[in-house]
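Since the structure comes first, as structure tokens, the remarks are kept for the end.
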Amino acid sequence: MTAMRVFLRNQMRIIAPFATLIVLVAFFCLTSGSFASLDNAANILTQISVTGIIAVGLTFVILCAEIDLSVAAIANVTGIAVAYFTLQEGYVNIANVPLPGFAAIILALIGCFMLGLVNAAGITLIGIPSFIMTLAMMQIGAGISALLVRGQIAYAVPDLVSLLGAGRVAGIPCLVLVAAAFLLAGHLVLTYTRFGRYVYMVGGNREAAEYAGVNVKLVLGAVIVISAMCSGVAGMLGVAHFGSAQQNEFDGYLLDAIAAVVVGGTSLFGGRGGIGNTIIGLLILGVLNNGLDHIQIDSFLKILIRGLILLAALIINVYVQKVRESA
Amino acid sequence: MTEEAAPPLELRGISKSFGGVAALRDVDFVLRRGEIHGLVGENGAGKSTLMKIIAGLHGQYDGRMAIDGRPVHFRSPREALAAGIGMVHQELSVVPDLSVAENVYLGQQPTKGGIVDWRAMMDGARRHLASLGIDVDPGARMGSLAIGLQQLIELARVLFSGARIVILDEPTSALSPPEVQRLFEVLRGVRASGRSIVFISHFLDDVLAISDTVTIFRNGRLIATEAAGTIDKGWLIQRMIGRGHEELEGSYTGAIALYSKPDAPVVLDVRGLAAGRAFADVSLDVRAGEVLGIYGYMGCGLIELARTLFGKLRADAGTMSIGGKVLRPRSTAEACRAGIAFVPESRRSMLFHTEPVYKNMSISVLGRIGRLLLRPSVEKDIARRHVQSLSIRPPTVETLLGSLSGGNQQKVALAKWLTWPPKVLVLSEPTRGMDVGAKEDVVRIVKGLREQGMGVVVLSTEPETVLSLADRIVVMKKGRIVHEFAGRTVSKDQLLEAA
């Protein structure tokens, strides 16, 4: 009996979000005729893929008890950059620099890597709190995006990007496969590598990690750069998926990505959670967003409902943390 | 014949268990008016549990408690405080950025028309502090005061909020001898005013010096209560541990002989090291197979020196070399690679409480087990070896660290450096807050490391710790090394005198 309770208590972090997901799915299956179909399941997966790629990097950051508010802005810059270096149709009024596809992709990746590096330097070398540093980077990213497109919209992206972002393989959207690959890779790194262990330890007790000789700054810098790279890839594929590159295209993704990680049960205090949690969080968000479209509901009310669900998840997150600490 | 008034605090038949493990068994405890009552016992003996029941932190227990003869049962610290019971914890709960007066009046500032009446508060605080014999400017910022003074002000606040019974938990552990004397003077004044004090401490000399009565706990039972004047330290230790304690006793009272090893190679060489205002011009060397003890009072720069050696703090001047190679560590990772290991004084800041024992042990050697991938089976094998050789309880490597006792946690902290022994091991306060048995285990482990040829630096503000571990002792005072004891006998008195 006690053993069972201890087990349940230890697994609360995964059980609570999983139960939420089951309840949501059951609710929408019962209330909507069109929700429960294979097509719709594929829809949901596609809808959460861009968020999913961003959330992989963000999971690393939040596990270290840091935050990255610049993910959406970096996604936007990178998506715009890859279009900027691609030959656009004549009617697109952007002073762009057409390059071969692979060069455009590499330049875009270098771009987001550099932005991540600036974040990392600000946080680890100068000592700016990640919340503030990435808030500044959010603005810088938006600024670069604005300068590149100057209010215009670009459409063309390199072939590889448009294949991965908008193509299908054996009927399955490539975007879903890429997101799955990122999630899998993130999980493997966190679970089976030395770096992954360091991420958990730095998040669990930063001082102790430092006293154990772990290079804490290197780990923090690395997770910030990983987050920027994931955002960059999400941005490029997102542009292909949406079919256009423009200012403010990814604005909603910052909140969605943070929500996915936290709703899934990864601790905001660091050290607890993982990609498994993030996957459940993504599914909760995806089911919620999609399901609310399938039932008759005031579309303005939807925003409020999303907010309330996020609040509930945060309460559970903090509560589970307290239960663990008192255990 | 007049019946003597009921005692301020009386407990009868108190029992308390945590998840089936008895922490207190049928304890009777009486605190008299105007009495300083010392409470001693090893960690886990039950004294903290009893005090937490009295202070309202544990609401669930069996037995009866009475204040001035009236039965009470506190379910929160607020209720206990309202009944006149206050507690000063080892970790002070002062607000460093507020003034002394605001700290004294915390939560009950005098107001005039809804606005804080600063003049009344300053005057009131000055009067109250003066009545206790504490001479301090009530406008001073709390954080700018020495820790001993902050403690007195916290005590003043507890008294000011109406406490007639004050529980002091390890009040002297962070104090220098003059500060201890000042605390004792204040406590005697409090006693004279008819209020009662419970004095919990590991420092038996302090307990005997200030207490009227001493109570000893062991394994959740009250072993004895005696008038302090009739007993001595040996008598106390015997009842606290109930087994052989010759080595420890020796280090407490007698002089110990120091052995130097002039022919062993120098593993750590420090020349003219300085860091900010913490310490300056520190030069020392440590030879292989030698334990260098560094002794000094709290605040003398010991803590900063230890951190600088391990690259957590950056030195402003001076040089350091490990095994002949010059090193200026800019990070702990760099110091670690060079062969220095460090165990800081606070276990909380060096261990991962929500992780299993084996992850705590492997964290500093993961890179040697596998460059890229983790190898949990190897980690667990290594951890099992340490758990066995250090007799860590419970003897499993999957246990969450947080559920271990303090002494066992300290062993885990040491164990993480034993897999691939470093050249130099820096230990800051390795036995602080530990019970006698765990202290002996740590002494045994450190001596074992010395036999293996490791150079060990032990920094401590407790003379017993340095005396029981070191082969050579240097004394630090106000950030400088002022004395060295080598190749002869030294006693606690001599150490205290030098610092």
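For all residues, glycine too, the Cβ spot is worked out from N, Cα and C.
Annotated in TrEMBL:
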{"type": "TRANSMEM", "residues": "A:12-38", "note": "transmembrane segment"}
{"type": "TRANSMEM", "residues": "A:44-62", "note": "transmembrane segment"}
{"type": "TRANSMEM", "residues": "A:69-87", "note": "transmembrane segment"}
{"type": "TRANSMEM", "residues": "A:99-118", "note": "transmembrane segment"}
{"type": "TRANSMEM", "residues": "A:125-149", "note": "transmembrane segment"}
{"type": "TRANSMEM", "residues": "A:169-193", "note": "transmembrane segment"}
{"type": "TRANSMEM", "residues": "A:214-237", "note": "transmembrane segment"}
{"type": "TRANSMEM", "residues": "A:257-288", "note": "transmembrane segment"}
{"type": "TRANSMEM", "residues": "A:300-320", "note": "transmembrane segment"}
Result, the transmembrane segment (A:99-118) in contact with the transmembrane segment (A:44-62) (3+ CB pairs under 8 Å): no
Non-local residues, at least 6 beyond the ends, that sit with Cβ under 8 Å of the transmembrane segment (A:257-288): 13-14, 16-18, 20-21, 24-25, 28, 44-45, 47-48, 51-52, 54-56, 58-59, 62-67, 71-72, 183, 186-187, 190-191, 200-206, 305-306, 309-310, 313-314, 316-318, 320-321, 324
CB contact flag for the transmembrane segment (A:69-87) and the transmembrane segment (A:300-320), at least three pairs under 8 A: no
Positions whose Cβ lies under 8 angstroms from the transmembrane segment (A:214-237), at least six residues beyond its ends: 49-51, 53-54, 56-58, 60-61, 63-64, 66, 68, 70-72, 74-80, 82, 105, 108-109, 111-113, 115-117, 119-121, 123-125, 130, 157, 161, 164-165, 175, 178, 182, 195, 198-199, 201-202, 206, 250, 253
